[in-house]
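Undergrad: I am attaching a structure below and will ask some questions about it afterwards.
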């Protein structure tokens, strides 16, 4: 990693990054970049998770441990945008490696509706240059961050956005291989790199 | 149409206790005793009783990373031998004298591979003893398998190689082949139930078959067709079982004759969410087939894709297993257990794949699976084979092949709550609840990302 692969990446201003006022704003104000109109959105404007089996239950008891927290694309974005690029002191959000429109939450079994709690999360990442050899590590960082932060009902698919990388298919295969990902997380060197990338995230690293 | 009387139901019999606290990869049923060995990412193997459903002993301390796989050596008396394969690139061989009582007696045997010689005499009879480590693979070992006779051990790895080891003396193993023709991780190895013929499944989307020709082990067949990683392969029993009644007596007899000449078939399951059945064309009947391999040597075998099982999974299929009674079970990332049967096709009726969907039942209600009855596959239509892109049946026009069809006969969604299921196996039922057909009834054993091993009955 001695040679910087992309010396002059395009960087977005923090104020341009998609965000939303969070309920725990007092703690995260300093960390979370704010959108221009974010403060005008009341906290109660959270939309319920449309894929949550409970979202239509009006009389849901509050002490139900199995209650599924509504999670939307913005929340996913907030989990992964602070991840640091492995070769720049910049976040994946500011480098536009991760982008809100490229995050998709869909029911894993759409035909089953509320009967299945499983949700497929697809994140398409856009490497800063088309031959970036660090794409796999970046993708792994995103997958690890999401698998650690999200409940197990999520099926996380991290892929390279079409047309943005020369060996996308190869990278996608690796990122989608559960066994390879599990083994990578037992590799001390790689875990060190991932830990550094995830330092900026709220609840710790790999 | 399948008759209503033959609609099996999957019911939870037991959840093995205590579970692993982290991902469990695979559970291997003992070939003779009511024991299960479960490999876990916590670097241990748990030995559970299949009669009390509790933990009997553990193998810990040998491997430095996740234990991904294990296999019981067959045909032993008085002693059990287990091979383990780990992400630490090593294979361990472990031994334990069989004890009459299988009462719970957790035994921890910390072993350091580097200091084995000094330690080996200190263990008592009823403990697991570390015998030998087989080093050679360059990266994670993914699967290990003993040949039917027990004298050969096959191992495979992310290093793209398959190794065959021969036991040449007590705890003495020799490498007799290093097979390197796969172009990606080798995910699974499985031996033919009778012949010294090995199948391997790979990240390169292929299944390869290997056997010894004169003095050298070599690839004798490549099974191409899957569109992504082949996660697992499983052989059919020597004696096939087809359900229902053959429409024409002659068709049934011809099919059986043909099947006898071909020998056991092979199942493969893949990340492409398909399960395929492969059949050997007997030598004297080799025909031109667009799926056949190029024949360039006398030991080459001609294998063709005979059938695809109905599409029933919507995430990668990690494991498939063929039972002694001819049923097939599969599982994977969608957390579903699906059971299939091969039935005599009723020529008069339209092809049908109507499946019977298991309802969560009394045994299952203690599970907080949160999943209701699912009707995803219960349609009256032939499941479309979207992923394969090849609608037409291979080797069409061969009448015997049309004699049978595969149907989904039972299904259980959310079998490990919301978790993925990594492995499924069949084991004979051994507990007292087994009923009149004791020893005949087959259990389904599932192993999940939740670290849990579950035992299911198939109520026929």
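Each Cβ is built from the backbone N, Cα and C atoms, and glycine gets one as well.
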Undergrad: Looking at B:298-348, B:349-399, which one is region 'Disordered' according to TrEMBL?
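TA: So the range that TrEMBL calls region 'Disordered' is B:349-399.
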Undergrad: When secondary structure is assigned with DSSP, how many helix, strand and coil residues does the repeat 'WD' (B:443-460) contain?
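TA: Tallied per class, the repeat 'WD' (B:443-460) gives 0 helix, 13 strand, 5 coil.
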Undergrad: Could you tell me the mean pLDDT the prediction assigns to the repeat 'WD' (B:134-166)?
TA: 98
Undergrad: In the repeat 'WD' (B:179-210), how many residues does DSSP put in helix, strand and coil?
TA: 0 helix, 17 strand, 15 coil
